[in-house]
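This report refers to the structure that appears directly beneath it.
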Amino acid sequence: MSAVDKRAKFESALPVFVDEIVNYLKTINIPDDVTEWYKNSLFHNTLGGKYNRGLSVIDSYEILLGHPLDEAAYMKAAVLGWMVELLQSFFLIADDIMDASKTRRGQPCWYLMPGVGNIAINDAFMVESAIYFLLKKHFRQESCYVDLIELFHDVTFQTELGQQLDLLTAPEDSVDLSKFSLQKHSFIVIYKTAFYSFYLPVALAMHLAGVATPENLKCAQDILIILGKYFQVQDDYLDCYGDPTVTGKIGTDILDNKCSWIINLALAKCTPEQRVILDDNYGRKDSESEKRVKAVFEELNIRGEFENYEESEVSEIKKLIDGVDESTGLKKSIFTTFLGKIYKRNK
């Protein structure tokens, strides 16, 4: 099945799960206008993305089972995949409010839609609650039910911790590079992105396939957290050095005072004179300041540093993958598939 067909099939499953929520609301006599609002919120905030996280649940489950999924198995994996997408949507609704963002996936952010405003705060909670409704409906009788609940709660908490540190370290309206460090960047990336984007989908598939032993989960986490960190460092690099005609966006990390890998590496390597330039220009909303920051990055050979980082990190990831014991039910191809998708990517 092509990537386009996989995406379309996954997308076609969402109305089934939304209908389950809507039908439940009818049984408890929730007014139609509330039900319709909730339904619109669920569709608006979950559709239109790449679905990488949700599809990773299905792909990983199929690899673990070792054969194509029948319809029942597919829907079991798909509902977990959509729970990951709901979690992502919950985070993004709140992120967009906190960041005062204007658009998301090519349309206005939910809080900017007509009549929404601050109601979006409650809508974010409602989107999160849909996860646990679907989890109970589809997995209440499964032996892994409590493990799945705990996994979602743990990863949500981890992501929120990462977001908290990011917000306190790099507020857009208050630049203080003394708060930045590579150690903080690593924590933010691992907690804010890697756990829910890389570890969660695979861990869900492992529970579904019955191979989620403590040893297997630790092995998967060790690999996937490094993969997730590498992915975010790539993102930071592409924001500064990517081709906008390929990435589809013009980078704004320097203007927005982002605690990115690039600025943290620059701070670790720079001379006192270069540090003054970075302090005076980073996070300033003008193109001349941005140019001065980029000039320092060039002097520090950030491009070359990234290439060295990439090769070192990928070598470490491959070593960890080679060490996976497949006799326990875990499969190396889960991780090689992830790595293949992101190695040397340009967007």
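First residue shown is number 1, and so on along the chain.
Here the Cβ of each residue, glycine as well, is placed from N, Cα and C on the backbone.
For reference, Swiss-Prot has these:
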BINDING   K50, R53, Q88, R105  isopentenyl diphosphate binding site
BINDING   D95, D99  Mg(2+) 1 binding site
BINDING   D95, D99  Mg(2+) 2 binding site
BINDING   R104, K192, T193, Q232, K249, K258  dimethylallyl diphosphate binding site
R104 (dimethylallyl diphosphate binding site) - helix vs strand vs coil (DSSP): strand
Candidate nearest K50 (isopentenyl diphosphate binding site) in space, where candidates are the binding-site residues D99, R104, T193, Q232, K249 and distance is Cα-Cα: R104
Pairwise CA distance, R105 (isopentenyl diphosphate binding site) versus T193 (dimethylallyl diphosphate binding site), rounded so that it is a whole Å: 18
Surrounding CB atoms that lie within 10 Å of the CB of K192 (dimethylallyl diphosphate binding site), all protein chains: 23
Residue pair Q88 (isopentenyl diphosphate binding site), D95 (Mg(2+) 1 binding site) - Cα distance, angstrom, rounded: 10
Greatest C-beta neighbour count within 10 angstroms, which of the binding-site residues K50, R104, R105, K249: R104
Span of K50, R53, Q88, R105 around isopentenyl diphosphate - largest C-alpha separation, Å: 16
Lowest local Cβ density among D95, D99, which the record lists as binding-site residues, within 10 Å: D99
